[in-house]
Amino acid sequence: MSRPEQQFKKVLKNPQAQYAVYPTIKVERISTTEHMYFIATKPMFEGGRRNNVFLGHQVGQPVVFKYVSKKEIPGNEVVVMKALQDTPGVIKLIEYTENAMYHILIIEYIPNSIDLLHYHYFKKLEENEAKKIIFQMILIIQNIYEKGFIHGDIKDENLIIDIDQKIIKVIDFGSAVRLNETHPQYNMFGTWEYVCPEFYYYGYYYQLPLTVWTIGMVAVNLFRFRAENFYLNDILKGENYIPDNISETGKQFITDCLTINENKRLSFKGLVSHPWFKGLKKEIQPISELGVDYKNVIT
């Protein structure tokens, strides 16, 4: 066994190496035009929706491998991630390769991090912490918007948090598309549970009102400690989705995002100026870059 491979096995045994650890896992090699990598043969998120994501290693630096089937999804994710390479708050694409069956994305690894779905399930969030998370999320989404893209699948599973620094990163750009503010969209590429009511009722949506809706859904679910997430069907059934343990302005923000009538929903550009976030701009530092600086790696 080579020394890099031995180092990688130590990474896999480290309890801080994400929340799924496999001490006896096998390791395989994979080569690109630039580097030799070692990759775990068992998914990081076994049994979930991300059984195509694996932990890897290159010269002492942990990385993440994501396999995307060429039969199911075209290579748009690579194009989008390259375009967003220097965007604060967006997970970095380090390198890309492919084989006959898969697009293979090699992505930065954020140590001591977890997705927001598991974070809010296992930790009861106080309003101030949840508010800071939501505010960061909005800033990142607007950064993506400024680059001419819409993520298309904003949900707590696609947001990871550095547990120590409380800094957010957006991941999984498989549903991202070019921004088109004026034309209705008839195909839903994101997660059905986060679909907006206009698509449910009429079969179309506009990108920005959909984004506001999904932000509202994430905001609701951040307060769902040890409980299943709320989704559109729960709201349409008339269930009370407004958290009890937040301020009136917090409740109003969620209500404004989750208004059934898209024309009365909070505007995309008005998100950061909502009264709930008053004074937060001074408190939140600019979104810092986590992990290794991989700028200009992708050409």
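In case you wondered, yes, glycine gets a Cβ from its N, Cα and C as well.
Note: D153 (active site, proton acceptor) has non-local neighbours D172, G174, S175, A176, F189, G190, T191, Y194, i.e. same-chain residues 6+ apart with C-beta under 8 A of its own C-beta. According to Swiss-Prot, the active site, proton acceptor annotation covers D153, on the basis of sequence analysis.
Taken from Swiss-Prot, the feature ATP binding site covers F45, E46, G47, G48, R49, R50, N51, N52, V53, K66. Under DSSP, V53 (ATP binding site) is assigned to a strand (E or B) in the three-state scheme. For V53 (ATP binding site), the Cβ neighbour count at a 10 Å cut-off comes to 21, with all displayed protein chains included.
Per Swiss-Prot, domain 'Protein kinase' is recorded for 39-277, and the stated evidence type is sequence analysis.
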